[in-house]
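As recorded in TrEMBL, the features of this protein are as follows:
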type: REGION; residues: 29-53; note: region 'Disordered'
type: COMPBIAS; residues: 33-43; note: compositional bias 'Low complexity'
type: TRANSMEM; residues: 105-125; note: transmembrane segment
type: TRANSMEM; residues: 131-151; note: transmembrane segment
type: TRANSMEM; residues: 184-206; note: transmembrane segment
type: TRANSMEM; residues: 226-246; note: transmembrane segment
type: TRANSMEM; residues: 258-276; note: transmembrane segment
type: TRANSMEM; residues: 296-316; note: transmembrane segment
type: TRANSMEM; residues: 336-360; note: transmembrane segment
type: TRANSMEM; residues: 380-408; note: transmembrane segment
type: TRANSMEM; residues: 420-437; note: transmembrane segment
type: TRANSMEM; residues: 443-469; note: transmembrane segment
type: TRANSMEM; residues: 490-510; note: transmembrane segment
type: TRANSMEM; residues: 530-549; note: transmembrane segment
């Protein structure tokens, strides 16, 4: 039987006697007292412990199989899947937003003032345009490109994400590898072209005694397509650039910032030389057009496409840079410098190219060949310094960052920015850039216009998704998540609408490209027209197809909160 009172005897653990302590008695309320008939088993009647029955629950299906432990890299306020992020892909923190408007503009100075820009401007004169027609073509192209450039840079500044991560919103977590690798492929080709130009500068600087020492060194090798000595100069310049690449984005920022004034000064020196040697501005710009009106318009549109394609590469992956901008106004003001600086440098290139007709009796569109004709030790050293600096600043910023980040996005656990940059440089050799630069026509019509068919549809799809489908609202958390319920998981990580739109944007351009390289014979004029306007056609076609397919699939715009952007709603 149980007493109506419960007694607890509390003893001090160190006391040897219990005489000084009284029992503590607690009395239960009458309503809680057990009835007299109630009985409890005594201590010797307790049954042994029996393990409770375990009911197996169904395993939860997740996209992580086997289970992956999520990590949180510095700068992330949420757990991100380790296969989708590392130090180079995570969103930038406010402390890392160091690019001001001037520094963004300095980036464009370093990019614009380079041999390819000069060569592109000179190629227009070489193909028959007058100087003013060439400048008008370049400025119009860059004004057209300014819109996509600013629009694509917006999510980079707002969310602090690079281009490979932005591509996940439209192409899917896994599907983003397709556009980033296509952009990387073009970047590798450009890296090889820029490195070859820098190698040519070293070759020009070499004493004539070395060049004339052995015909084996200076004679082109048929299977290689160039001479061993020129190829060695190319490899020397190729290797020298890696030292700057190894310092990462901060090293690139400082290089662009401090090289801009030097490049502007050296460009001014070239303009002054052309002015003095040709006998004045009138003689510099005396070269008139060799084209009839119909011939000009036939040349204008593919040239316009080529000039847009020239910077369409960077317009696509510009979030890689705008993610470091302090605010939206800084990235916008910085980008306005593109048509301004490109127009001014095109004037210098066209004026210098036109003046060569007066000075040397022939048009010299290559600045390397022009410097070789100028001669003089001081001039040569300054010129080689300028070409090398211009080439390095353009090549690293425009042609290393995007391919390196694309490879990091492909496998963050395998690639870092440095490893991606190294592989980019190796692939640049495989493109054999000396063959791409063998003539103005191959450079403009085959290379520039050709790859615009790859980049145009990617840009159209990304902008249609970001502005028309999502209204500039992204979930940064879902951009780094493999969860099937994530916003950007789509079909096993691939957005089929984006991939179909990409294919539809590229396919109509292929016949014109194959005809241009000689793989196809006669083709309908419509395919030639499509190819000559490849960027425009593929950009708008792919963007429109993606928008239609997304709406037909019932993909509604999600109104996401402004908690994700790191700089607040005003950005």
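A Cβ is built for glycine as well, from the same backbone N, Cα and C atoms used for every other residue.
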_Cβ pairs under 8 Å between the transmembrane segment (258-276) and the transmembrane segment (530-549), at least three_ = no
*Quick one: do the transmembrane segment (105-125) and the transmembrane segment (530-549) reach 3+ CB pairs under 8 Å, ignoring pairs fewer than 6 apart in sequence?*
no
_Same-chain residue ranges lying at least 6 outside the transmembrane segment (184-206) that approach it to Cβ under 8 Å_ = 114-116, 229-231, 233-238, 240-241, 313, 368, 371-372, 380-381, 383-384, 387-388, 391-392, 394-395, 398-400, 402-403, 406-407, 424-425, 427-434, 436-437, 447, 451, 454-455
*Per Cβ pairs under 8 Å, the stretch of 131-151, 226-246, 296-316, 336-360, 530-549 packing most closely against the transmembrane segment (380-408)*: 226-246
*Taking the transmembrane segment (420-437) as the reference, which of 131-151, 226-246, 443-469 gives the largest number of Cβ pairs under 8 angstroms?*
226-246
*Could you give the residue numbers and ranges of same-chain residues that sit at least 6 residues beyond the transmembrane segment (336-360) on either side and whose C-beta is under 8 angstroms from one of its C-beta atoms?*
104-105, 108-109, 112-113, 117-122, 124-126, 131, 134-135, 138-139, 142-143, 145-146, 149, 267, 270-271, 274-275, 277-279, 281, 283-287, 311, 367, 370, 373
_Non-local residues, at least 6 beyond the ends, that sit with Cβ under 8 Å of the transmembrane segment (296-316)_ = 111, 116-117, 120, 124, 127-129, 133, 137-138, 140-142, 144-145, 148-149, 152, 163, 179, 183, 186-187, 190, 289, 338, 342, 397-399, 402, 444-445, 448-449, 451-452, 455-456, 458-459, 462, 532-536
*So which residues does the transmembrane segment (530-549) touch in its own chain, when a touch means Cβ under 8 Å and the partner is 6 or more beyond its ends?*
148, 170, 301-302, 305, 308-309, 312, 449-450, 452-453, 455-461, 463-465, 468-469, 497-498, 500-502, 504-506, 508-509, 511-513, 515-516
